[in-house]
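Working notes, beginning with the structure itself.
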Amino acid sequence: MKVVNLKQAILQAWKERWSDYQWAINIKKNCPKGATWDYLNLAEALLEQAMIGPSPNPLILSYLKYAISSQMVSYSSVLTAISKFDDFSRELCVKSLLEIMDMFSNRLSCHGKAEECIGLCRAMLCTVVWLLQGCAWYCERLRDPNDFSALESSLRACLERMANLLHSTKNRALVHIARLEEQASWTNVEQAVLKLTENLSAVTNPTLKESLEECVSLVKSIPQMLCLQCDPPVHTTFPSVHAFIMLEGTMNLTGETQPLVEQLMMIKRMQRIPAPLFVLEIWKACFTGLIESPEGNEELKWTAFTFLKIPQVLLRLKKYPQGEKTQDFTEDVNVAFEYLLNLTPLLDKADQRCNCDCLSLLLQECNKLGLLSEANTATLTAKRSEDREHAPRLKTAENANIQPNPGLILRAEPTVTNILKTVDADHSKSPEGLLGVLGHMLSGKSLDLLLAAAAATGKLKSFARKFIKLNEFPKHISGEGSKSASVRALLFDISFLMLCHVVQTYGSEVILSDPSPSSETPFFETWLQTCMPEEGKTLNPDHPCFRPESGKVESLVALLNSSSEMKLVQMKWHEICLSTPAAILEVLNAWENGVLSVEAVQKITDNIKGKVCSMAICAVAWLVAHVRMLGLDEREKPQTMIRQLMTPMSGENTLQFYHERVVIMSSILEHMCADVFQQTGLSLRPAVEGQEPIPYRNLLPARLPIRQALQSQFRKVLEKGWVDSHAFHLFENLLHMGGVFWFTNNLVKELLKETRKEWASRVVELLYSIFCLDTQQITLTLLGHILPRLLTDPAHWHSLADPPGRALAKLSVWCALSSYSSHHKGQASARQRKRHREDIEDYTSLFPLDDTQPSKLMRLLSSNEDENSMLSSPGDRSISSSLSASQLHTVNMRDPLNRVLANLFLLISSQLGSKTAGPHTQFVQSFVEECVDCSEQGSRSSILQFMPFTMISELVKLQSLAKPKTVLSITDLSLPLGRRMAAKAIAAL
C-alpha cells in the first residue's frame, strides 16, 4: 500500500464516519504484511488530512490519537509530523497539535533498535525548532494590539510545552545527540533562538518573559551539557599536590617544565581544586622543602626549585588553556599569597633557615614575570614586613656569617648564561683566560650554585655539553711548552671533575647524548658508561675497558713508580685515565705479593693525585668495582689505597687551584665509595655532628624485612598527612629493591585496610603522589595485575567493599588518566626515563588481544542487523563484544598501556554481565563514576574510549549510573556508533 492509498483509506473512513477502533481494524486488514506504520508515514498522512481546514478535523485526529494510544505509530514519527506544520496563524490547529504532544511528552522513550532511538533524537530536535519558531511567531505578533490576549494565550501554550520538554535532562540529552548527528539541523535551532530573542521585547508580561528567557537559556545550554562541573571539594588541603611538588623538588629538578605543568593540571582537574588553593598548596610544599632539606647541595636544589623553577611553572599555568575560567590567574596568585601570609610559622621558619625574607623575594620574582601586579606586590610585601617585626631572629653574629642562598641563586641564574657564552668562545689561542673563569667557578659553593640555577632553568644539559666539549679540547696537542701543558692538564682536570660532580648530583642522563652514527662518542661519555660507579650500577672490574694496551700500562706504572716529578708536556690525559685502572691493578698485585712496601704504594698514590685529580678518580672507580667482588677479609689493602688517594697532598709542588680541585675530588670519591665502605662498617671521614655524610643514602633500616619497612614508613606518612623528601627517597629504595609488583601490591593492601572514609581518601592522595615515582610501570601493574586478581577471585571481593573499594577505584582512575595523558603526549619525566628494570612484563604476550582487522570492523559497522545480535552479551569474547571507540580511532593496541586498559574494561564488562552482584560490581560502578568525574569531556585522551560499546547497556542497569549525563559521558559521541548506543541507552531510561 502506497501513501496515496493510505490517504484514500483515511478519506473513506472519514466519509463513512468510522469510529477510531473500526478504522484501526480496517486499516490493519488492508496493510501489507510486515510493513510498519512509521515506514508508511501513517502519522504524517493523518495529520496532513486533519489540518486541511482552518480548524482541525476531530474525527481524523481521533484516528491519530488511537494510533498513538495503541502504539501503531512511534512517538518520533508523530513529533516529526507535528514539526512539519508551519501555519501558526491557525491557532486551533496549533492547539490540537500541542494537545497531541501532551499525550506522550511526559513519557518519551524508545525500546527499539538504535536507529529508531536516533530517529527519536532527530524528531525531538525538530520539535524544539518548531516550538521555538511558534514562540517567535507569537512574540512578533504581540506588537499588534488587536487580539492580544489570544496571541498571548497561544504563546503561553507553546512555551509550556517547550518548558516541559526541556526541563527533562533526558530530553536535552537526546537533543544533544541529535545536534551531533546532524549539525545542519542545529543551525535551525540557533536561527530560531535568535529570532525569538529579537522579539522578546514585545512581551510585556514579566513572568512570561522570564519563562521564555529561561527556555532560551536551556536550549543554549544543550551543547555545554557535559561541561557543567560538580561543586568543588569542601576541604582546603590537598596532599597530592603537596607531595607531588615535594617529589619534583627532591628528585627531578632537571626535569622539563611542561610535563610538570601537565601533571599539575591533571591533578587540579581530577580533584577540581580551586585555583587559589591550588597555587597555595604549591607554595606550601616549596617552603616545607626549603625548611627540611639537608644542608649543602640539597638545600641549594630546593632554593633553585622554589625561586627559579616554580615561578616559571606558574607562568605556564597562567597561559594554560582553561575552558571555564572564572577570574584572572594573577588574581588567583594574589589570593594564594594572601592565604600564605596567614601561615606565619611556616614563613618564619623558612626565613630563619634561609636568613632572608623569602616571601618578598618570591613576590619580586612573580612581579617580574607578570604573575602579580605592582599594587598587589607592594601590599603583600608590606604585610609580610609587618609580620616579620614579631618573628624570632637568628643571632646577629650568626646572621653576619650566613649569605642567603635565595639571593645567591637569583644572582647565579644570569651568570650561567654568561659562562655558557664564555665557554663557547674559541680558546685555542689563549686558554689561560678560560682557566681563570673555571678556577673562579670552583671556589666556595659557586659551582653548586651555578649547577642548581642551570638545572632549575633547563640549561644544565647545555652546560654539560659545553664541558664535555671542553674536556675534548686537551686531546689536540701541538708543540707546547711547560706552561701551556699545565694549562691543558688543568682544563682537562677541571672539566672532568665538574662533569663527575654533575653526574653524582643530577644523574648521568643529563650528560649522555643521543647516539649519533656520524660523530665519535666523547671520552667522558664513554668513561661514564663503562667505568664510573653509580648507585644501583654494578661494574665488572675485568671488563675490557679497564684493560688497555699493555705497553701503555707498563710505561704508566714506571712513571708512577719513579722518584722524579711527573712531566706534563705532550701527555695524553685521556689515555692516561684509561690506563690508570690497569696500572692500579699491577700495583695492588705487587703489594699483595710482597713486591712493594706500604711506603712505595703511598709514593705511587701521591704521584697519582699529585697533579691531576682525574687520575685518582679513575683509580678509585676501578678499586670500588674490584672491592665489590672481594670478600670482607680481602678488602683491607684496596680500601687502604682508596684512603691514600682521598687524602690531599700537603706539598707546594702542585698545579694551580689544587685546593679547590681536591675539595670536589673528595666529594666525588666519597659518593663513589659510600656503599662498599658501609658494607664493612667503615667510614671515609669522621662524621660531623648533625650532618649526614651523604644525604638520603642507606635509608633502609638494618635487619628489618623490607615489607615491614614499607608498612612502617607508610603509616608515618599517613599520620603526618604528607610525604617528605626523606620518605620519598626511602620509598624509591624500596621500589628498586622489591620491584614494581611487590611495591604496588603492598601499598594497595595498606589502602584496603582503611575502613574510615576520610582516611581512605587521604591514603588515595598520598599513594597517588608516591606512585609518581614511576607512574607508567606502577599503573601497568595496578591495572594489569592487581585489579584483575581482585575482581576475578571471589575470595578477594570482600576487600572491595566501600569505603576502601571506592578509594581504590579513585586511585586506579587517577593513575590511569595520568599515565594515559603523559604517555599520549610523550612526556615521561627524566626520573622515569632513566630507570632500567628487569621486572617489567611483556604486556603484549601477557594479554593477547584480537587486534581487530579493519575489513571485519567495517563489515561490522555497516551491518543492518539488530544491535542485540551485532553486539552480543558482555560475557562473549567475540570481536563484536570487545568493540570499543579506541579501535575505531585506530589506537595502537600493541602499546602496553592501551592493551592493559582495553583488557581491564573487557574484564569489567564481563563482571557486569555475569549476573553475580557484590562488592566487585560496586567497585565497577565506582570505577566508572570516577572516570566520568575526572575525564575531560569530549577529549580523545579519555580512558573511557577503551570501554566496549556493549558495556553501556549493562551500566545503565546500575541505578547510580542510569542518568542521561552519565551515559553521554561514558560514550564517544564523536562516533556514529557511539551516538547510537548512547541514544539507545538514554531513550530506554
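Keep in mind that glycine also has a Cβ here, set from the backbone N, Cα and C atoms.
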In Swiss-Prot, one of 37-41, 332-336, 787-791, 967-971 is tagged motif 'LXXLL motif 5'. Which stretch would that be?
787-791
Among 127-131, 162-166, 192-196, 447-451, where does Swiss-Prot put the label motif 'LXXLL motif 3'?
447-451
I'm validating the feature mapping. Which of 487-491, 672-676, 857-861 is tagged motif 'LXXLL motif 6' in Swiss-Prot?
857-861
Checking distant contacts: for the motif 'LXXLL motif 3' (447-451), what same-chain residues at least six beyond its ends satisfy Cβ-Cβ under 8 A?
296-297, 300, 405, 408-409, 412, 415-416, 419, 441, 460, 463, 498, 501-502, 505-506, 664
What residues in the same chain, six or more past the boundaries of the motif 'LXXLL motif 2' (359-363), come closer than 8 Å to it by Cβ-Cβ distance?
283, 306-307, 311, 337, 340-341, 347, 351, 372, 377, 380-381, 384-385, 406-407, 410
